[in-house]
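Visitor: Provided herewith is a single structure, encoded as structure tokens, for subsequent inquiry.
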Amino acid sequence: QESRLVELPYSSFDDEDDTAEQDPGLWYPDPPKLSPFSHCVRYLAFLWNLLFLLLGLLTLAVGVWGLLAKSPLPGGDRGVPLSSDPMLLFVLAGLGASSVSLAGCLGAFRASPCLLRFFLAALLAFGGLEVLGGLLVLLARRRLRDALRDLLLLCLLRYQEDPDLQFLVDEVQRSLQCCGLESYRDWESNPYFNCSSPGVQVCSVPASCCQDPLENGSVPNAQCGFGVLGLGAALAGAVVHTGGCGVALAVWLRGQAGAIAAGATTLVLLEAVGALLALKVLRDISAVRM
């Protein structure tokens, strides 16, 4: 009776071994565990996307602040259509960047293949749009030049109506030391600066056109360009920059071609690094769940 009690466990083990040999499907190997390197890649992917999430939220906040600053009261008159407001670009760019980066953050943190695939698809779409934009710039340079000219002319016409455009035009004229599109006479197309205007700025140009807006003082003279359009070319040239910004801006863009190409390459590399990190995390998740 005692020997039977000893033999029974051995016989049961033998039966289990025989069953395992007959049916290998009953033996399941342990799933592979993530290596320390895989953990580091996962944390790096999370922090990488968190950085771009913060940048996207900052861009979104700037755009929303710019929109609200023009209409502080509900139902107030904005003066500028929302669809043509430059701040809308900041809002859209911030929304896109923050949404994609949030998907990458959550995908890496929660090990979600669905979010990681969405993140990779969005990066691929952005990369395709960037390549397409670069090809359009190379193939349609003349049309883009004409479009830029029309945009600058629109900025001159709406100079007093949109604070963003006013700031942009002033910065361009001040930094490039130019005035107008082709010449300082282009400001005659603005209804506020036209010589037939009934306002105080009749026959004038913005102060950013002046050669010496400080006029030996410490505070810029906002009226240094008053009455310039009513002067001759020689007298006007002694007060303001008479050359247009169209040629000056084209020369500046050609000089900055290397910096623009370097910036575009850096952006593509950053997106490629994010995509490689997401692919590594997705591959590790698939290996563990097999």
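Every residue number used here counts from 1 along the chain in the order it is shown.
Yeah, the Cβs are placed from backbone N, Cα and C, and that goes for glycine too.
TrEMBL lists 43-68, 88-109, 115-139, 228-253, 259-282 with the feature transmembrane segment. Annotation comment: TrEMBL describes Cys178-Cys209, Cys179-Cys195 as disulfide bond.
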Visitor: Return the stretch with the most CB pairs under 8 A relative to the transmembrane segment (88-109), choosing among 43-68, 115-139, 228-253, 259-282.
Guide: 43-68
Visitor: Under 8 Å, at least 3 Cβ pairs, sequence separation 6 or more: does that hold for the transmembrane segment (43-68) versus the transmembrane segment (228-253)?
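Guide: As far as Cβ distances go (cut-off 8 Å, pairs 6 or more apart), the transmembrane segment (43-68) and the transmembrane segment (228-253) do not touch.
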Visitor: Roughly how many Å separate the Cα of Cys178 (disulfide bond) from that of Cys195 (disulfide bond), to the nearest whole number?
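Guide: For Cys178 (disulfide bond) versus Cys195 (disulfide bond), the Cα atoms are 21 Å apart.
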Visitor: What number of additional C-beta atoms lies within 10 angstroms of the C-beta atom of Cys195 (disulfide bond)?
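Guide: Within a 10 Å radius of the Cβ of Cys195 (disulfide bond) lie 11 other Cβ atoms.
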Visitor: When you measure from the Cβ of Cys179 (disulfide bond), how many other Cβ atoms are you left with inside 10 Å?
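Guide: Result for Cys179 (disulfide bond): 27 other Cβ atoms within 10 Å.
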Visitor: Taking the Cβ of Cys178 (disulfide bond) as the centre, how many other Cβ atoms fall within a 10 Å radius?
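Guide: So the Cβ neighbour count for Cys178 (disulfide bond) comes to 25.
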Visitor: Given Cys179 (disulfide bond) and Cys209 (disulfide bond), what distance in Å do their CA atoms have, once rounded to a whole number?
Guide: 5
Visitor: Including all protein chains displayed, how many Cβ atoms other than that of Cys209 (disulfide bond) lie within 10 Å of its Cβ?
Guide: 27
Visitor: Return only the integer: C-alpha distance in Å from Cys209 (disulfide bond) to Cys195 (disulfide bond).
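Guide: Computed Cα spacing between Cys209 (disulfide bond) and Cys195 (disulfide bond) is 17 Å.
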